[in-house]
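Worksheet: the structure to be examined is printed underneath.
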């Protein structure tokens, strides 16, 4: 031992060195391939993972029409699946909960509530009728030895249906994962029929949990796609919300937990939550006092599991390799595979029928010709001799047979007992052979028209098993819920104007407003700078804060009125502007940008109000008037980067508010998007009109109720609306309805009464079976009524003008009967009125004004800027970033028409506003032709100025009179 040690020390003994580089490569690849092919990823043809396939095969082996203990099924499956019983049990429960392949008995759990199944010894299972008919066929199944070589198991099951797409699948393998969404049973069949008819399918998922889903970015189920799924939330009353359906991949328990977590974080505010789920989902959310249900619904989608995003990843096994295909391509392949299987089954059936006829023909000839009594046949000593004799005896009949006679056929004849031969009924045999021949004709016809046969197969599945499998998930388009707009104001915002700090932790300083912790705040400083920053505990934004408020991104209606002094010249400028969107934490200069500039006056106006200010100037020898008033309504609303108009070149002593102003903005134009069931200002859907102040929206429901609501964009609307429009207390409506008590049809004319928002009022009979048929505001509407008169039931058609039939009455009045006779049919006819034609005209969201000016043939230019009527305002070069919206007043247009050649080919009538009504601001990027270049303009001979206010005439530093 010591010698060996000495040799090792001296290096005399050599060792064999094996590098580990690449040693584990094959082992890892083998393991990865095994997990992908034999564990996690389903096969494209039968849509099953190996464990699921083995469970189905085991159920078929044990199938006797009765239920089997799940524990026994698991034990039998372990002959084929080399893994634990827990994985087999979980897989079987998942198959059963999809309610397609397995009939269940006992407590199998509930995937909607998250309740787990009972132990396998307490639950039972058997194959469903659908599984027995669609999934199995031993003759068309390919087999392989099980892992221990003792049993045969199917490579894939001959499924004649797109099972993978119907059930969906999820799995995580080594280096890849799969997530196939479940689809609707009936829609898959219809799409398969489309494939057989040469039409490419376009299928969308359908979840057993119901809910609503937006498949805009589904991407046919491929990688990179995304599905947004929402719970179905209804408003029971103004204090209660009810969740009746949950998103796929969630449970009622996870939904409740997420709501409670959001409430604890202050994102939403609820009083309590109740889970009343039984056969159907029912989660009741009680709101805290003063909380808007519409805003809470949006907040639930934004901050809880009431909305989830699912990223599909359709990976399947095909040709022993993983492939990434679209769901539509998978359906096409499934349909082709089903067609191949049906063809194979028909060919097998044809062969079976031909073999039956063949043997029946042999038997008939054998008995009718008395071959069994032939001496040579009777005296034959061995099987070979018998075969030789029978070959000779059948020689004359061979041309009539469809194939050669084999020794096995003779063996079957020889084995026939003498009793059956003596009782052979030729007539009955001929009848059976005729039936077989008829069936062969049918089978051959199916093979000849295989496509039609395949379509009939799918149609039979739909008729037989499609009942109760209608779509559960509603396909919708979702708008984007901005969390900052629906978040509850759960913190208080403070600022220290002297030190320049702002935040939620400065509780000893000046309170600004309530806000949420995800809001942004905009800050204006005395030096003319503004900055937008995220709400935090304490943030330095610069000293000299003059105004701060919670910032609303994209808000075009909040207008800031400002007067500032330029640091270099001392000139005072006045401007009005909106801040729509900026980069966070970046300073923006609202002045001309010179050092020493200072804000003299500043107000923030949430609805574009324009006040009148009184300006006091410092004494100066050239000034005759030291104080004058100015109305902000005379100042055009421009971008935040505009320098403004000169209000005085002399030093300003002080500026005070003389009188508060009113809004200079037009009403808010609102549209209703029927797909999203939401209001918007982006021009999507039906135009409802301009809303301002106390204007309301009228909602009419198909069940005969109406309600009024505000025009807030956060409002939610039900699916059962038959009319939504701006409320007009004087607008007359006509309704045709059926009275459940009188069992007759009535017509009424009325006006919807003003009431509190959110209160539903019925305007037809409250009796059971009463229903609203038609509602119209068309004064010329007619009702076409088919009636049966008298005992002889003579048919007659009545043409009734509603306005002539009944006067306007109260909303609770039942109205007049359409006819005393039996009414069989009622149809409403509405002639298109002028008001309806006008209402259908799209209102343009943006208007460009193009003016071509010619003064005595010398000036030609195109101007897209607003024509400025007030000569006291100095025309300035617009910023590159933004320009004011184009709106032209009627007097301006008339004046241009009288003195110049004007082309207004893109002015909408509703954009020509009254002289004293300022235009609604719209800030858009300026174009290059906004500034008139010098070479484009020839010098004018003379342009007269119109002086509207003599007080505006002042003397400048050089002693010149003018407008400054």
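Every residue, even glycine, has its Cβ placed from backbone N, Cα and C.
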Item to check | Given ranges 841-867, 868-894, 895-921, the stretch to which TrEMBL attaches the annotation region 'Disordered' | outcome: 868-894
Next on the checklist: Suppose you had to name the range TrEMBL annotates as coiled coil; which of 370-397, 398-425, 426-453 would you pick?
Outcome noted: 426-453
Checklist entry - For residue 122 (active site, O-(5'-phospho-DNA)-tyrosine intermediate), which residues in the same chain are close in space, meaning a Cβ under 8 Å from its Cβ, but six or more apart along the sequence? => result 106, 107
Item to check | Stretch-averaged pLDDT - the coiled coil (426-453) | outcome: 92
